[in-house]
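Undergrad: First, the structure itself, so that you have it in front of you.
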Amino acid sequence: MGSHLREAAPRQEALLLHEAAPRHDAPLLHEAAPSHEGPPLQEGAPRSDAPPINEAKLEETRRKSLTELAAAPLPTPWWRDVLVLLVTYLVVGAVGLAVVGRHGMLLNSAPSYVVAGVALLIVAGVGGGALLGLAPGRRRWPLGVVALGAGGVALAQLAGRSGVEARPFLTGTLGCLGTEVVLSVVPLALALVLLCRSAYQPVRALAAGLSSAGVGMLVLHVHCPDGAADHLMLGHLLPWMALAGVAVFIRSRLPSRTFAP
């Protein structure tokens, strides 16, 4: 056993010397690895391909903003616009009813409770349309809500008709159509002005158009003696919906004073 230990000792010493010797045929890692370090990037440094800043235009925008803030430091409450619109509706409706009702204001021969019920429904639609068009509660209202409300008002008028044909069809239809258009000019113009204070949204414009045109339709509902279905559809409902479509078209062509929702 001693002889085996003496023979293994020289081999272990040779192995240790071989491992300790430096290897000249293997390149050092730090010499072979390329250096990817570059100059440190500075945060916020402008890119070389960025367009130059127009200082004159920047200063002009700043000056205009300060001028507008000085003129109106606080925004106008939205409910004030709605209140102005509703008061305008009331004035136009009262004046219109007084003008067309010189020879009788309430000529609708349907039962009184039916006339009152349909009138209240139209009033609710007019007020709801004004709120829907101008109130900033939601950015976008679904079209189905407006369509459902308009359809309900239309069906109520047809269901509560008297069925009486007091005038020739063409004369009565054209007379009611013209009256409704004339009574809707001022409310529709004011609604468009107020709609331009926010970003254009077709559903809001449609709701405001139905609301403003509903003033003339309300006057016709309580005053018109004709209660035939074809007269109501062509002389009352058709111009109401057409004026709402005109409101959407005109609003889409008008510039917005602000792009707030």
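Glycine is no exception: its Cβ is also placed from the backbone N, Cα and C atoms.
Straight from TrEMBL, here's the annotation block:
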REGION    26-52  region 'Disordered'
TRANSMEM  82-101  transmembrane segment
TRANSMEM  113-134  transmembrane segment
TRANSMEM  141-160  transmembrane segment
TRANSMEM  172-196  transmembrane segment
TRANSMEM  203-220  transmembrane segment
TRANSMEM  232-250  transmembrane segment
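Help me see these features in their spatial surroundings.
TA: When Cβ-Cβ distances below 8 Å are used as the criterion, the transmembrane segment (82-101) is approached by residues 107, 126-127, 130-131, 134-135, 179, 183, 186-187, 190-191, 194, 211-212, 215-216, 218-219, 222-223 of the same chain, each at least six residues removed from its ends.
The list of residues near the transmembrane segment (141-160) in space but at least 6 beyond its ends in sequence, with Cβ under 8 angstroms from a Cβ of it, reads 110, 114-115, 117-118, 121-122, 125, 128-129, 132, 201, 203-204, 206-207, 210, 214, 221, 229, 232-233, 236-237, 241, 244.
Sequence-distant contacts of the transmembrane segment (203-220) (same chain, six or more residues past either end, CB-CB distance under 8 Å): 85, 89, 92-93, 96-97, 100, 119, 122-123, 125-130, 132-134, 140-143, 146, 149-150, 153, 176, 179-184, 187-188, 190-192, 194-195, 235-237, 239-241, 243-248, 251-252.
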